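Below: one structure, written as structure tokens.
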Amino acid sequence: MEQSNKEHRKRKEKNTAKKKLHTQGHNAKAFAVAAPGKMARNMMRSSDVNERKLHVPMVDRTPDDDPPPVIVAVVGPPGTGKTILIRSLVRRMTKTTLNDINGPITVVSGKRRRLTFIECPANDLNAMIDVAKIADLVLLMIDGNFGFEMETMEFLNIAQHHGMPRVLGVATHLDLFKSQSTLRASKKRLKHRFWTEVYQGAKLFYLSGVLNGRYPDREILNLSRFISVMKFRPLKWRNEHPYMMIDRMTDLTHPEILNAQGNKVDRKVALYGYLHGTPLSSSPGTRVHIAGVGDFSVAQVEKLPDPCPTPYFQQKLDEHEREKMKQEGEASTGTTTRRRKRLDDKDKLIYAPMSDVGGVLMDKDAVYIDVGKKNEGLSFVPGQEKGEGEKLVTGLQTADKNYAEIFDGVGLQLFSNGFALQGDEYQDDDEEEEEEEELDENKDQGRASLRLPRVHGKAIHDADEIIDDSPSDEEGNEDVDGQPRLEEIDFDDNINNKNEELAMGSDSEFELSGDDEDNWQRKAASKLNGKINHRRKWDIGKLIYMDNISPKDCIQRWKGEDASDEAAESDIEEEEAEDNFFQKRDQNNDKTHNYEGDLEKFVPYFETIEKLVQKFSNLDAIKDRFLGAPSLGDDQNDQKMNDDDEELYGDFEDLENKDAFAGGQEEGAESASNSDAESEDSFADFEKEQKKELTVDEERELNASKKEKLRLQFEMEEGENFKEGDPENEYDTWYELQKAKIAKQLDINNAEFESMTPEQRQAIEGYKAGSYVRVVFDKVPMEFVENFDPRVPVIIGGLLPTELKFGIISARVRRHRWHKKILKTNDPLVLSLGWRRFQTLPVYTTSDSRTRTRMLKYTPEHTFCGANFYGPLCSPNTPFCGVQIVANSDTGAGFRIAATGIVEEIDASAEIVKKLKLVGFPYKIFKNTAFIKDMFSSAMEVARFEGAQIKTVSGIRGEIKRALSKPEGHFRATFEDKILMSDIVILRSWYPVHVKRFYNPVTSLLLKNKTEWKGMRLTGQIRAAQNIETPSNPDSAYKKVERADRQFNGLKVPKAVTKDLPFKSQVHQMKPQRKKTYMAKRAVVLGGEEKKARTFIQNVLTISKDKEQRKKAKKQDQRKERLKRLAKAEEEKSQKDKEKKKEYFASHPKKRSAGDDDNGSSGKRRR
Amino acid sequence: MSSRGSYVVFSGSQNFRLRLVLATLSGKAIKIEKIRSNELNPGLKDHEVSFLRLLESVTNGSAIEISYTGTTVIYRPGIIVGGSVTHNCPNGKPVGYFVEPMLYLAPFSKKKFSIIFRGCTASHDDAGLEAIKWGMMPVMEKFGVRECALHTLKRGSPPLGGGEVHLVVDSLIAQPLTMHELERPTISSIRGVAYSTRVSPSMVNRMIDAAKVVLKKVGCEVNITADVWRGENSGKSPGWGITLVAETKKGWCYFAEKIGDAGDVPEDIGNVVAYHLLEEISKSAAVSRDQLPLALVYMVIGKEDIGRLRITSNQIDEKLINLLRDIKSIFGTEVFLKPVDYDNTDDFIATIKGVGFTNTSKKIA
């Protein structure tokens, strides 16, 4: 059969719009907008897309060159494969297999990137909160076979309120699906659910089954690639605080103390880790918070060599070394660095001090070395070591000398170029004696008592402390005497002296410092040395901060005014001697040097007018400070200045000299006088002359200074104002301008820091992020050490000054919509705000149209409300979340995050009120006046409320006038209208509510069982425990209001009144009818048979009605009975069902039984 | 809680106001010991107690404990709240003594500052009204505090006073801008105000003429205004004085001021102030000596970036060293002084890293 197709229709040649464009060789499109609507839409869309990309410009304070490792947290419910994932990733990146994962593991993942993996303990809410605060990337483990669990949702919600790190979902257990279609369907379902939680299009990885205790290599490779190229945005909180996750803990408490005082003493603890965030201040006593322990002052910080450096950093170090070698003149080795694309095996470092990497396990008090399995052959064979640990031990075995032998012939070398001193030569030296003794002791039996250690040249602030210790000016001279600032030898007796003096030193140390001899000696020595040392040039930067030198001395030393020095010193002595007598002192002081007198004085010190007149008789010195001043050719200073400029602007010699002179100030070009031109000529000659004289070195120097000046000028133009007001500047948008500014400032910071010496840099910048530091804390509770568990992350967060203060925080909070119950005012709530987790008693409030803050008893159901609570302050705009219970044993199945919010304001106090209605009743009513009773109990109370507004229930407003004398507490009030006796009078007042000052930090890390921290109990919990009924005021109960209908009497107008009313207002009353109606006229009288019949019928009807009624009542009773029966049956049935269900689920657990959670770590599921 | 009982301890009465101001900004408790403990009248002076009162009224929750003898003060700062306050200054010190430290606090408060000060408006030792208005406020403006003003409602010369000024600071900023000033700015003009209360206006004109004679030499525009106060707004005592300000295009300025005593010749005062101005210019780089504390403190409480300010070696005096030591003991920040090597002056660049202070007391919208 033949196919019948439609006939082809040829396309009509239409005169289309496109054709029209090209008429007569004219391209219309080239000259006008063809489709303005479309174009507008396109533009709109593209600008929308661009706009969405923008974020508020924020300074990223992570250093570019050596950033800290990225913290990758693996989070998930128990049994989702967290440990296996870490193990697989570590194996992928470093080719090391970990048996046990304890604490953070740092690995090198790329040339410039390191990763720190941490496993968040499953089902530990405290740990989840801490991890959410520091993780840069979260690998969120989801059991694909089961779906999302409560922990996952809780973690996501916690993370969202602490700045939301990057989140990668990882779905595991996908091999358990039998059929492909269900797998696909559930993958899709998971993905979409994940997207609604994180963001649309968030990446979710799927990992299938486990092979050899690891996930498949290909899948892990993909995941690790994804991680290693991931970029991170700075988060606000972390960009403002230093923080650190510790990967090692050591108890430094001296064993002697433990022996003497038992193990219940506070410990000295060293915590190690990489610093993140902003630099940690190097000044002593910086306050930090250890999450789960409390606030502490840092006793000491020390930067350690990086245990896990990136290849890039190592390469830079090598280059630096090479540079040094070159400078020293040695022949370079000639090996140039090859550019490698891949990581070398030797670069694939791993650092996990608390795990068992390489057979070495560093515990808190010992180092364990894994010797492998028994049947693997001999261990500790030199040359055949199986791990780093064995190497260490075999190394020790081969040592042929003991330490005493090694150091036998070695003397003490004081200076690098001095000769070594042998111990016996200085046996009788006073100052060394003790130390020697100590040494001897060490040789013999070791030290038995505590020594106060003073470490040679360690951290900077320690050195400063040493200097600070010396209290009086006299001792300051010691430093002057050319001794190095870091004391290298322990002068123990000296130190003791100093300490004593410090202890005693109060009003005048001079008088109190007992040993005059010593002082005299020192003074004599300083005087002897004086002549040499006064010639020394002092660094003012250092002098300023040497607290033992008085400011006056500082200036003198710096300026090298040695002539007056001696005199001044004696002056001081005199003055201090005078201190002893009670004598008026300010007089002579003010007269002799009024300059130093009162530092409170605002007006600075000036020379006498005669000197000033003399000084400024010639204004040349400050001539260059004024705009439009004529340049003078004769002054040497000016010449030099011009000279420089001339060279600088060598190319523009034709320009007016003035411009150059004013240093690029355009305003200078007001008038160019003839003298300028002349001077220019003369300069040109002068310059030529000078050029010849310059040697190469000088020229180089000159060029360098020129360069510097140019750089600075560029900075001035670019760095300072960026031509902000100028619409022609190179930045298209405000955003770009801000970005440029931030970048410029960072450049300046880097440049300035690089120009400092390392010590100065550390003092000013602090310990910057990325450095591996050891932080020592004194007085850490012993429980922290005793109950230390490496699996639980320990986080140290730096605190800003505000966060050290306590006060009332007012915040905007909202009950989490997944939390089952609303929250009650003054019920304890554990808040995670800033670094801290603490329990507090919030008062929920609402604002009555901004006139007052009114207390709410409970949080509203679906909206924000205010909350005021006491606690450590935190800057406004900080988000937080709150939970009611953190202890796992008290947790039900519900969602634990109870509230989320944001800090609005901080203050020392808060004004919150609650409504108080006072009720009274009228007992006598005059026209607009009434006497009210029952509102107050005494006249005094009334007096307090005189003039207060009152109101009746019906809305008549009034005012309290005066207390009545007789019945105590009754008063007279006036109203705008006459009130009724049945009215209730109400006085609405506001009663202040105080926020309870309760702050209870969650010290979960001090517990043996970290998940069982219990604080103050909730009101409900206490009531349940003590079997107390919830108090209920019957007046507060909501019940149906039943109001009796009021019967009003008819209106009766008295005759006298009616008489006077106008006709229009007359009350119309009809006269009674006089004529009889038709019916009335014909009265029907029943009689005889009919009457009887009617009576009978009525009787019958009455009886039947009664019968019916009784029947009905009976039926109703029966019906009630039946309903009761039915309800009972129904209840029984449901009970039975429940039991059946319980029985079934007891024997067929759906996911895991509740008791499984506690042994969380071992919660690997058997399938 | 935990920080209770730990203070930064100072001793001596010097730098009293600044220490309290720094403590308030940093939120750290301080203890000042040995306040004039060796003098005939030991302890706090009238005006110092008055200042403590003022501090208490512009903050919320601060606790001040003064020992029985008045030689020890413990100050636990609260939160800077500002608001409308009236402060009666004791006659011993002029309003400048109280206004000056308020300039450090005002931009970082919860509410706008609006304080009326009553008392003397001038003295020999403390900042006068023009010094604050034309000398200090431009510095604040350089750091981003744009809307601040000092309105003179009444002038009151010492000894009886009777003046009234209104300090209004309307811009509440999160933190001061980071300063970079590496050059000595060039002076474009010299302005000034010569005032008198309850004396003949001719005094003012004579001062102006004398100052102009001296300043004529520098060859830049000089403009001095006469400000004569009469009637009830001119306080209770006669008095007169002059303030000269050298302005630069970049917004920096230098100033000098002096008031006349009974028996002084106006020409002398004008002359002296003009020379003082020249001296101040010769001694300062970007800021003058009396502006330096304000500038440095604003730099210290700035962002966690490096700020730079050029100072001269003449500006490093005892006052500065005391200031820097106090800053270090409260904020822990050190100033790094780097000699300027690109021109032949003995100037320094004071390099300061801000502490990352932010105005936390302000409510979010």
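In case you wondered, yes, glycine gets a Cβ from its N, Cα and C as well.
The compositional bias 'Basic residues' feature in TrEMBL is assigned to A:7-23. What TrEMBL records for A:319-329, A:581-595, A:685-702, A:1106-1120, A:1127-1145 is compositional bias 'Basic and acidic residues'. Residues annotated as compositional bias 'Acidic residues' in TrEMBL: A:425-441, A:465-481, A:563-579, A:643-656. For A:68-233, the entry in TrEMBL reads domain 'Bms1-type G'. The region 'Disordered' annotation in TrEMBL covers A:1-26, A:319-341, A:425-496, A:557-595, A:627-702, A:1106-1167.
Listed by sequence, the residues of this chain that lie at least six past the ends of the compositional bias 'Basic and acidic residues' (A:1127-1145) yet keep a Cβ under 8 A from its Cβ atoms amount to none.
When averaged over the domain 'Bms1-type G' (A:68-233), pLDDT in the model lands at 92. Note: the compositional bias 'Basic and acidic residues' (A:1127-1145) comprises 19 helix, 0 strand, 0 coil (DSSP; helix = H, G, I, strand = E, B). Secondary structure of the compositional bias 'Basic residues' (A:7-23), assigned with DSSP and counted as helix (H, G, I), strand (E, B) and coil, comes to 5 helix, 2 strand, 10 coil. Residues of the compositional bias 'Basic and acidic residues' (A:1106-1120) grouped by DSSP class, helix first, strand second and coil last, total 15 helix, 0 strand, 0 coil.
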